[in-house]
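Here is what TrEMBL says about this protein:
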type: DOMAIN; residues: A:12-435; note: domain 'TRAP C4-dicarboxylate transport system permease DctM subunit'
type: TRANSMEM; residues: A:6-39; note: transmembrane segment
type: TRANSMEM; residues: A:60-82; note: transmembrane segment
type: TRANSMEM; residues: A:102-130; note: transmembrane segment
type: TRANSMEM; residues: A:142-168; note: transmembrane segment
type: TRANSMEM; residues: A:174-207; note: transmembrane segment
type: TRANSMEM; residues: A:228-253; note: transmembrane segment
type: TRANSMEM; residues: A:259-277; note: transmembrane segment
type: TRANSMEM; residues: A:289-308; note: transmembrane segment
type: TRANSMEM; residues: A:328-348; note: transmembrane segment
type: TRANSMEM; residues: A:353-370; note: transmembrane segment
type: TRANSMEM; residues: A:376-399; note: transmembrane segment
type: TRANSMEM; residues: A:420-441; note: transmembrane segment
Amino acid sequence: MTTLTLGFLFIGLLVVLVLAGMQIAYALLAVAFTGIWVIRDNLGLAFRMLELTAYSGIADYLFATIPLFVLMGLLVSVSNVGRDTFEVAEELLRRLICGLGVATVAANTVFAAVTGVSIASAAVFTRVAVPEMKRHGYRAAFSAGTVAGSSVLGMLIPPSLLLIIYGVLAEVSIGGMFIAGIVPGLMLAGGFVAMLMTITVLFPRFVLTDPKASRERRLDRTREPMPLSTMVAKLVPIVVLVVLVLGGLYTGYFTPTEAGGVGAFGALLVALARRSLNRRKLWQVMKQTGVISVSILLLLIAASFYSRMLSIAGLPNAIADLVAQSGFGPYGFLLLYTIIILLMGMILDSTSILLIMVPIAAPIALGMGFDLSHFGIVTVLAVEIGLLTPPFGLSVFTVHSTLDDPDVSIEQVFSATMPFIAVMLVVLVLVALFPLTATLFL
Amino acid sequence: MSANTTGEGAGTPDEDAYVPPFSEAPVGAILGGLAAILSSIGTAWIGALMLLIIADVVGRNFLDAPITGVSEIAARSVVAIVFLQVAAAILQRRLTRADFVLRRLEGASPRTLALFETVFALAGAVIFALVLWASYPKLADAWRTAEFFGVQGVFTIPTWPFRLITVVGSGLAALAALYVANDEIRKLRRAS
Amino acid sequence: QETITVNIGSSHPENNIWVYAMKNTFQPEVDRILAESGEYAIDWMESYGGTLYKFTDTREAVMDGIVDVGMVGTVWEGANMPLQNVTYFTPFATEDHRVIIEIFDDLSENLPELKDSWAENGMVHLSSLITDSYDIYATFPVTSLADLQNRKLNAPGTSANWLQETGATPVDGALTTYYTNIQTGVTEGTLSFASGILPTRVYEVAPELTRVGIGSMYFGGIAANMDFFEGLPAPVQDAFRQAAQATSIAHGDYVADLAARALDEMQAAGLTIHELPEEEKAAWVNGLPDIVEPWLEQTGDEGRVVLKAYFDALRERGIEPRRAWDEGL
Ligand code: NA
Ligand code: NA
């Protein structure tokens, strides 16, 4: 049996264990350890690689931003900045079809400008938007799917951990990547809105438990509109945060990696200013930050160990050969590349996919005449779809576990995100075909 | 992962529910207590990391006095934070998983469910024991050779405390997973 | 014919200056030499580009046998292999990177202190890796040391030492962050070398190069795992040694070509080159505090021997370092 065949067998084993419900980190670590042992026929090597990965697999400033972005998300949530943003969006979009869904997307788009990881958006808006949508006759699973789907905006609209990692791997300007992400991010938000409205008209039962009540609410003219002053007051904190984070980035006060720390501190100040924190509550928020972060970071350690096993099995080289020898033109290459990423997205986390694929593909892409910023946005879009695809979809996991509603199963959330995946694929194709969408402001 | 992952749920009384009273389950109480202590250190560390970054940004921009080594310290901190908190996460059963098969089993065959859970928890215990086993020699080396990170004459920080956290954290995680396994075995007995 | 499997790898991609000659000279040279007798052949298992381990782990990867042959960046091993970092603590020695390769190929094999240091870490040194000369790439030209006052420059790790007493503030970073740092104003320039600056396009945002002559640095080596190497048949060991010599030459040529091409291309793209006046260079290096002192304290007698051997070797080749860091040893 070739090592590559073994590699594929171990991918199969991982999928089985994950589907059976094993803790994903355990499954990744166990399969990778066995894999290295078997493929190299060397138990000692498996031990040494395990130690190396545990000690330094995620020892990187980039990963230190994850708990900080999560902390910022929770502080924004506890000080009700997320809720206020959502309420203003809701008020402005009340008369739209699927107004609350659209409001979720809109609030996520604004929130994306301060957070760098999608997990933070997913956790915040599960708490803020899902109860409100349920209350107004939206299906719980659809609401959860909407939150999961729109959370991917957090990683495309700057600041973004994935764009930082891509920039580092492909040696392109991270500031440039951030700018390149803006238009595709807005396209994605616009696409989500159009999709939500279309689906609500065509398949109201997919969206609503009680379409009639929702319609009545939408057309209700008796409701008191929110005064402009209230609206402004509710928006000030999020605007302050956006200005602090993006302004600080583009005037050179801090680097993209430092944005997580500054953003978290800014959110802390906002929370203190709004008197929504006492010492005890702050400690609770920090503890939750720890719990959410550790589950993500442990996954990243495990995934990095697993991708090293795949590397020992020769997978990256096999992919490189496949890509190089395919003999396709630039667009054939891009198609093959995105398909590989989409497949990997089903079983691997975003960072590992970037780590495996970007060093292989970026030089080829450059040789084929692609602009590396454009190529990076295509890559990150494809990688982000993996946040929503089963069996390993981190955003869906986050929404599902944050919601903790026995009536909403994880399969229902996965299926409710399918329309979002469709929109992402459309945007992916558009961005791939029209590089200007990414390079317009570069 | 489980509920209460956002601020709105903050302050709910079940935060430390994974630590049982000593009179009922002494082993669980000690294990849970230790995990809670380590986890608190990890929690405080995240706050300290934020303040360190702020201090560096302010120092560099307004005082011409950046803090050297922030990126290395932050890098090592992430790993420390993970291993300080992982035991508590295991006891709280908050590690990410896809549970749709398990949920089906819950109604259909609680016995099979407990069996699955036992196997998974034991796997976790073995995995963290492997990490402990693999990491311990490097801790000894780091102590013996006074290994550091940073640059001689600029800043140096010893690595042994970080390696110690990996060793202690994975050891406690293995025990925590064993404790969960024991819990599941008890359920298995009750179900049969 | 016997086929031997060799796992070869690196934390950096194949087009990186320290990896390029491994893939493009070392491997084909070994193959070529072994093909002459036809007794042995190598089956290369390549893991370039950090898919197996990160740059912080290059020593452990070779030492632990994760790869049999690898690029080892001793620059990142200040705790475990401090002796190899002598050049970083003795700046302004020479700008000729080929001389550094030649000296360290010799010393790593013939100076017991250095050879043993590789052996203690379970490795056999095959071929030296270096950087071309460090200079200042910035948004401003440096005509005198006064121009450095209150400037923020990217100078990570040991290079932070070189800015002591210059009035400039060293800011952490890496080749991959310089562009963004300078573009957004986090820093105003960087201490770096041409072959590293070209691929990261830092010259676009830092179009003023001032040659200050901090010099070429020993970066690390291509090394083999010791158990693996000693288990090889003698003819294969010989082939590795010969190929390593060719690799050293190819590495020197590649860096020279790349640096020259980099300067041409960067100038075509608008880079202006300035030369810091001689007396300013002297003022800089002599104004530095005794930065080699902490290193000597750490490395003790062995450090003294290595520093002396390195500086003697420079002088034997007619190079007088701008500051006699070995004075009084
Ligand atoms: Na974002
Ligand atoms: Na997925």
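Heads up, the Cβ atoms here are built off N, Cα and C, so glycines get one too.
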Beyond the flanks of the transmembrane segment (A:60-82) by at least 6 residues, Cβ under 8 Å: 107, 111, 114-117, 119-121, 123-125, 127-128, 161, 164-165, 168, 237-238, 241, 257, 259-261, 263-264, 266-268, 270-271, 274, 276-277, 281, 285-286, 288-290, 292-293, 296-297, 300
Long-range environment of the transmembrane segment (A:353-370) - Cβ separation under 8 angstroms, sequence gap at least 6: 162, 165-166, 169-171, 304, 307, 310-311, 315-316, 319-320, 323-324, 329-330, 333-334, 337, 340-341, 344-345, 379, 383, 386, 435
Within the predicted model, mean pLDDT of the domain 'TRAP C4-dicarboxylate transport system permease DctM subunit' (A:12-435): 85
CB contact flag for the transmembrane segment (A:420-441) and the transmembrane segment (A:102-130), at least three pairs under 8 A: no
Candidate ranges A:142-168, A:259-277, A:376-399 - greatest C-beta contact count to the transmembrane segment (A:289-308) (under 8 angstroms): A:376-399
Residues from the same chain, set at least six apart from the ends of the transmembrane segment (A:376-399), whose C-beta lies under 8 A from its own: 15, 18-19, 24, 118-119, 122-123, 126, 144, 147-149, 151-152, 155-156, 160, 162-163, 166-167, 170, 172, 177, 180-181, 184, 188, 292, 296, 299, 334, 337-338, 341-342, 344-350, 353-354, 357-358, 361, 410-411, 413-414, 417, 420-421, 424-425, 427-428, 431-432, 437-438
Range from A:6-39, A:142-168, A:259-277 with the greatest count of C-beta pairs under 8 A to the transmembrane segment (A:102-130): A:142-168
Close approaches to the transmembrane segment (A:142-168) from elsewhere in its chain (Cβ under 8 angstroms; 6 or more beyond its ends): 62, 65-66, 69, 100-101, 104-105, 108-109, 111-122, 125-126, 129-130, 133-134, 174, 176-179, 181-182, 184-186, 188-189, 192, 196, 206-208, 245-246, 249, 256-257, 259-260, 263, 350-351, 354-355, 358, 376-377, 379-381, 383-385, 387-388, 393, 395-396, 398-400, 403, 405, 408, 412-413, 415-421, 424
